[in-house]
Amino acid sequence: MTHAGMKASLPNRVMLNAYPDSIDGDLAGTVRMLQRPEFTDAFGLFYVLPSIFNSDLDRGFSIIDYDLNSDLASAEDLAALDELGIMLKFDMVLNHLSVGSPQFQDLLKHGDDSAFRDFFIDWNEFWEGEGELHADGHVVPSPEHLDRLFMRKPGLPILQVRFPDGSDRFYWNTFYQRVETIDGERSYLGQMDLNAESPRVWTFYRETFEKLARYGAKIVRLDAFAYLHKAVGDTNFFNTPGTWDHLDRLRTISEENGLVLLPEIHGEYGTKIHEELSDRDYPVYDFFFPGLVIDAIDSASNTHLLRWIDEIIERDIATVNMLGCHDGIPVIDLKGGPTGQGLLPDATIEAMISRLLERGGRVKNLYGADGTKVSYYQVNATFFSALGESDARLRLARAIQLFVPGTPQVWYLDLFAGANDVEAADRAGADGHKEINRTNLSAADVEAGLARPIVLDQLEMIRLRNASPAFDGRFEVVPTDDTRLQLRWQNGSTVALLDADLATERFTITHEHDGHTEILGYD
């Protein structure tokens with residue numbers, strides 16, 4: 001892979017997305033599903049979420065180490081996927097590791113004598129001289145620094161831990177944490193931020209890339225990469241040029257291992273971070289697309305969606321798009337922010353959020369340093385429920401996704417038209433909003449799903465998108481009025497055309513290949 005080839009190296013095939021245990025309890029269950037005749041030629045990629053590795057929180061995103069979780073996956077499973085011709089996408093959680101990682105456990109055991117003393121970020125050392133000491137011993141950064149901090153939870157992002165000498169230390173902890181005292185002994189759970197100024201961290205990154213490549217990875221999603229670079233005086237989210245410097249360094253390592261990097265970042269459209277990523281030859285995770293599809297179907301208008309499609313073409317943006325995913329439906333991404341126009345007006349976004357909540361969704365917000373809400377972030381719901389649990393709407397949304405330029409990623413629960421699992425979200429407690437869209441399916445659920453027209457129709461369209469050479473050709477938007485959507489692909493004599501009526505939610509797909517014309521009608 002050349003330095004200029006990251007976007008060009010992104011595979012143009014349909015990608016399944018699931019946890020290793022989403023189907024019948026383990027990765028072998030997904031392999032069995034993909035070996036069924038209904039799935040022949042359907043998927044060329046599989047994004048396996050990080051609970052395939054050893055982890056302890058956040059369903060995989062709190063990594064202990066990158067060895068395979070033997071309860072859920074095996075080398076034989078990976079070999080079987082390779083035999084099916086399915087390339088793999090894995091996560092590398094750049095910003096943090098679990099408290100349970102060997103590195104943090106060594107720090108807790110040996111304290112200042114640990115070889116990993118600088119592997120994580122000592123909060124007080126980082127902010128030394130830049131704030132005041134709180135009564136409990138941690139530094140409270142001065143207001144000009146606090147105003148720049150981007151928070152994922154209320155309060156300061158710190159975890160207080162006790163060293164062997166009895167001293168309490170404070171470590172940067174952007175995401176989850178929990179401290180318990182049982183019989184006088186402290187226990188910790190948390191996702192601890194890594195110190196990207198430490199050479200040991202970069203050795204760890206290199207070793208991890210090499211391991212993922214050995215597993216058969218083609219794409220590596222860089223989870224939470226925008227939080228990695230931290231410097232006094234800068235925001236802790238996508239500060240520049242430090243973030244770009246880190247990303248370029250990671251790119252060099254990835255290219256040595258034949259890997260395509262997919263940086264994961266949620267940011268307002270108006271910040272134009274997606275443009276910068278694309279201009280630097282990185283694929284873009286299209287977090288704009290889900291909300292734009294909902295808007296197009298709810299409003300029966302192509303206006304906002306076509307504006308984004310036009311930008312993809314004009315700026316040569318290589319995307320990975322999705323409807324649903326393991327996370328929520330992004331909404332902050334659609335905003336313009338203080339620097340520019342959004343893909344949707346704020347009032348339209350607020351109205352969409354209200355509709356999704358009326359349809360059973362849950363809201364995730366972002367917070368300031370004082371614990372107050374500063375922005376909505378995402379709505380947690382299955383995409384089927386977000387569309388009002390209408391088969392016709394989900395079928396139309398899938399067709400639009402498969403015809404829009406980009407690598408289409410398909411959440412397993414959307415494929416099976418899964419509804420909001422409100423009971424699971426309630427059982428999971430205050431932070432359980434994401435469980436609404438993570439229902440595991442048994443082999444019997446898969447069997448029953450494959451008897452439903454909405455599932456079979458999606459698979460029919462997915463097979464066409466994955467296998468037809470038309471989608472390796474030239475794309476165009478056919479001019480129509482704003483209630484229709486015509487998207488056309490042509491590669492030589494092979495043509496695929498989507499003709500959708502957004503008002504009636506009916507559409508046809510016409511496919512011409514080797515002198516034969518096939519028309520798929522859905523109404």
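Any Cβ shown, glycine's included, is placed from N, Cα and C.
A sphere of 10 angstroms centred on the C-beta of Asp223 (active site, nucleophile) encloses 21 other C-beta atoms. As annotated by Swiss-Prot, active site, nucleophile applies to Asp223.
Sequence-distant neighbours of Glu264 (active site, proton donor/acceptor) (same chain, 6+ apart, CB under 8 A from its CB) are Arg221, Leu222, Asp223, Ala224, Phe225, Tyr285. Under DSSP, Glu264 (active site, proton donor/acceptor) is assigned to coil, being neither helix nor strand in the three-state scheme. Residues or ranges marked as active site, proton donor/acceptor in Swiss-Prot (evidence: a curator's inference): Glu264.
According to Swiss-Prot, the sucrose 6(F)-phosphate binding site annotation covers Asp58, His96, Arg221, Leu222, Asp223, Glu264, His326, Asp327, Lys434. Sequence-distant contacts of Asp58 (sucrose 6(F)-phosphate binding site), defined by Cβ-Cβ distance under 8 angstroms and a gap of at least six in the same chain, are Phe175, Tyr176, Gln191.
According to its DSSP assignment, Asp327 (site 'Transition state stabilizer') is coil. The site 'Transition state stabilizer' annotation in Swiss-Prot covers Asp327.
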Between Lys434 (sucrose 6(F)-phosphate binding site) and Asp327 (site 'Transition state stabilizer'), what is the CA-CA distance rounded to a whole number of Å?
6
Quick check: in three-state DSSP terms, what is Arg221 (sucrose 6(F)-phosphate binding site)?
strand
For Asp327 (site 'Transition state stabilizer'), which residues of its chain lie six or more apart in sequence with Cβ-Cβ distance below 8 Å?
Gln378, Asn380, Lys434
